[in-house]
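What TrEMBL records for this protein:
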- 11-199: domain 'KARI N-terminal Rossmann' (DOMAIN)
- 200-347: domain 'KARI C-terminal knotted' (DOMAIN)
- ASP208, GLU244, GLU248: Mg(2+) 2 binding site (BINDING)
- ASP208, GLU212: Mg(2+) 1 binding site (BINDING)
- SER270: substrate binding site (BINDING)
Amino acid sequence: MANIDFGGVTEEVITSEEFSLDKARDVLKNETVAVLGYGVQGPGQALNMKDNGINVIVGQREGGESWNRAVADGFVPGETLFPIEEAAKKGTLIQFLLSDAGQVATWPKIKECLNKGDALYFSHGFGVVYKDQTGIIPPENVDVILVAPKGSGRTVRTNFLAGSGINSSFAVHQDFTGRAKERTLATGIAIGSGYLFSTTFEKEVYSDLTGERGVLMGCLAGVMEAQYNVLRKHGHSPSEAFNETVEELTQSLIRLVAENGMDWMFGNCSTTAQRGALDWSPKFRDAVVPVFDDLYESVLSGKETKRVLDVNSAPDYREKLQAELDIIKNSEMWKAGAAVRALRPENR
Ligand SMILES: NC(=O)c1ccc[n+]([C@@H]2O[C@H](COP(=O)([O-])OP(=O)(O)OC[C@H]3O[C@@H](n4cnc5c(N)ncnc54)[C@H](O)[C@@H]3O)[C@@H](O)[C@H]2O)c1
Ligand SMILES: CC(C)(O)[C@@H](O)C(=O)O
Ligand SMILES: [Mg+2]
Ligand SMILES: [Mg+2]
């Protein structure tokens, strides 16, 4: 446990140096980790653990696309790949990585598969925190733990393969065995976390739902579209509008932010750009504060959860979701984006 000063506030974090992979392997040596769900997080976490020498099995609906992908990734039907309930019964540490709506639909059956002393693991506080809507109330004789990677499952895997890692938060909701925390940290390290910071199930889900609806995804998509449209309205070409809105950000400026912070990115742009950015940043900040306040309230009240469950529980939700994603893909802006990406020297 290291005490790190985050801008004047001291927090405890666990790094892969302090909690080594060897230690994680030792803590998990008698466990069968059952990864239920092979969508986005499932493959990332399962493959990293497998490569790290952990005893991993996968539970997935038989015969579908995700099942076939698990087979292609080296999981063997009847040995390390099973229907969901069978894997849940075999596992001692059960990673509930179905979609959040899928967790609600399958919970009544999964609950029956848990044995005394098992650990029930989540990568989101959703199911447990909004229990009035999800009905997910774990029995008292299991550990209930969380490791939530702060990134896409795709990056959980690609960062691992690149020799890096992803940051994750961790929490213990219920400690039945007295070993819940060490099981949590060991699993967090085994899935490839570079470091783990402490949270609660509540704080995790409130911040996660806000972040993805806000700056990370929803707000990002919204402000990009707004700027692109203004530039187009004033006669700028699609290539100019896209470059000035997206390509320069992803290929240049956001990399500088990642490297050394916002002031570093500003400092490596012209004094003209810095003057304008410093003047306009507070205007944008103040304009969106009411939207963020609405968003957080909507998360806290359970309205966002209700919407997710209502829409994503429909039998045709995948097709409808794909239709919405296709509208983005086929818009002028993102078609221009495809053309711009194809022109990158490494893609030509
Ligand atoms: N996607 C991410 O990168 C990410 C990042 C951090 C945390 N999480 C959390 O991890 C968990 C898993 O998310 P995900 O995005 O990997 O899920 P996903 O949407 O990719 O779905 C995972 C699997 O659930 C299965 N599934 C869905 N509904 C089902 C049902 N009714 N019955 C049986 N199987 C069903 C699907 O076949 C799929 O293989 C969620 O709690 C999510 O909030 C996801
Ligand atoms: C990758 C995200 C956005 O961080 C995650 O929270 C998710 O729900 O997919
Ligand atoms: Mg999320
Ligand atoms: Mg997230």
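Any Cβ shown, glycine's included, is placed from N, Cα and C.
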I need the most crowded of these binding-site residues: ASP208, GLU244. Count other C-beta atoms within 10 angstroms of each C-beta and give me the top one.
ASP208
Return one of helix, strand or coil for GLU248 (Mg(2+) 2 binding site), based on DSSP.
helix
Just checking: which of the binding-site residues ASP208, GLU244, GLU248, SER270 have a C-beta under 6 Å from ligand 4?
ASP208
Should we count any of the binding-site residues ASP208, GLU244, GLU248, SER270 as near ligand 3, judged by a CB under 6 A from one of its atoms, and which?
ASP208
Cα-to-Cα gap, ASP208 (Mg(2+) 2 binding site) vs the residue listed as 'substrate binding site', nearest whole Å
35
Quick one: give me the count of other CB atoms within 10 A of the CB of the residue listed as 'substrate binding site'.
9
Suppose we screen the binding-site residues ASP208, GLU212, GLU244, GLU248, SER270 by Cβ distance to ligand 2 with a cut-off under 6 Å; which survive, in sequence order?
ASP208, GLU212
Rounded to a whole number, how many Å is the Cα of GLU212 (Mg(2+) 1 binding site) away from the Cα of GLU244 (Mg(2+) 2 binding site)?
23
Sorry to bug you, but what's the C-alpha spacing from SER270 (substrate binding site) to GLU248 (Mg(2+) 2 binding site), rounded to the closest Å?
15
